[in-house]
Amino acid sequence: MFIWQRKSILLGRSILGSGRVTVAGIIGSSRKRYTSSSSSSSSPSSKESAPVFTSKELEVARKERLDGLGPFVSRLPKKWIPYAELMRLEKPVGTWLLYLPCSWSILMGAMMQGATLSATAGMLGIFGVGALVMRGAGCTINDFLDRKLDQRVIRSVERPIASGRVSPRRALVFLGAQTLVGMGVLSLLPAQCWWLGLASLPIVFTYPLFKRFTYYPQAALSACFNWGALLGFPAMGVMSWPTMIPLYLSSYLWCMTYDTIYAHQDKKFDIKAGIKSTALAWGPRTKSIMKAMSASQIALLAVAGLNSGLLWGPGFIGGLGVFAYRLFSMIKKVDLDNPKNCWKYFNANINTGLYFTYALAVDYILRLFGFL
């Protein structure tokens with residue numbers, strides 16, 4: 001026992017004396033997050049391949065996390081904050097990007113059905129709550145499955161599970177609570193939505209694993225992240241597959257585009273950590289591929305409008321033009337080798353999607369009052 005303690009002290013001195021520490025070292029020494037048996041079972045090769053961050057880099061990551069909590073999350077009780085971070089409440093961009101295709105399908109379905117303003121507004125509100133909860137559940141799943149990988153990427157090293165502020169067990173309990181709330185929201189929708197919503201759950205719970213064995217994890221994320229483009233129609237009493245499928249595929253390609261930009265933020269660390277993404281698969285061809293996807297996205301959105309009889313509304317056709325302009329402008333301007341610039345243009349997709357929501361809302365109001 002004495003020998004073991006002495007070795008631990010010497011190891012601690014060597015860590016403190018060095019200006020560079022591994023994330024695993026920081027995590028193990030500060031919160032005893034791993035047992036001695038798990039440490040001894042890890043292979044030397046895995047330790048050697050783990051990226052090494054300076055203590056300054058880790059402190060900068062911690063400061064950026066605290067500075068990024070925002071006025072709402074930072075005012076929560078201290079014990080609640082890590083769980084709010086698990087849901088990414090301080091980064092609402094994901095909730096918006098999940099919600100926007102829902103709003104398109106709801107508004108298009110409302111126009112096709114001639115739904116009242118109160119029914120449409122109510123459904124937009126229900127889907128808003130659902131987007132917040134299920135995006136949070138998706139982030140919790142992602143952080144639970146990626147807790148080891150997150151320790152090897154500086155941007156994610158401060159996430160609640162990776163940093164040890166939330167244990168894996170507590171994260172699973174929290175995930176269960178979020179899933180129950182999400183199922184409660186789903187129960188408020190018509191029965192036609194239930195089987196369609198439940199069909200998305202397998203990929204929701206497994207998509208974080210895709211980055212381990214394929215360079216196209218964005219394909220899996222896009223498949224589940226835009227499910228609301230399908231759900232909004234039956235929620236409004238419409239089941240029009242010729243409209244639903246092209247809208248879903250259009251949203252799918254949009255997600256592929258913006259999440260590829262997101263992936264370019266971490267590509268240097270991803271190479272070292274063995275994490276795969278379209279950013280690494282496409283490399284210098286990324287912008288050309290994104291242009292092709294965006295052109296296809298706009299075409300599919302036009303097909304959805306044509307099949308629904310909504311294409312020639314002033315809002316739809318105008319919104320389509322704004323959508324196309326902003327997409328191609330983003331692709332031209334984004335610096336894929338600059339993480340901060342990638343984050344800026346990734347966030348810009350909120351407004352891009354919102355403008356189309358506003359455009360559909362204009363057509364809906366015009367139809368509601370008999371002008372279309």
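Cβ atoms are placed via backbone N, Cα and C, with glycine included.
Feature annotations, courtesy of Swiss-Prot:
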| type | residues | note |
| --- | --- | --- |
| TRANSIT | 1-42 | transit peptide |
| TRANSMEM | 92-112 | transmembrane segment |
| TRANSMEM | 114-134 | transmembrane segment |
| TRANSMEM | 171-191 | transmembrane segment |
| TRANSMEM | 193-213 | transmembrane segment |
| TRANSMEM | 229-249 | transmembrane segment |
| TRANSMEM | 298-318 | transmembrane segment |
| TRANSMEM | 352-372 | transmembrane segment |
Compare 92-112, 114-134, 193-213 by their Cβ pairs under 8 Å to the transmembrane segment (352-372) and return the stretch that comes out on top.
92-112
Against which stretches of its own chain does the transmembrane segment (193-213) lie, if we need a Cβ under 8 Å and a gap of at least six residues from its ends?
134, 137-138, 141-142, 145-146, 149, 186-187, 219-221, 223-224, 227, 230-231, 234-235, 274-277
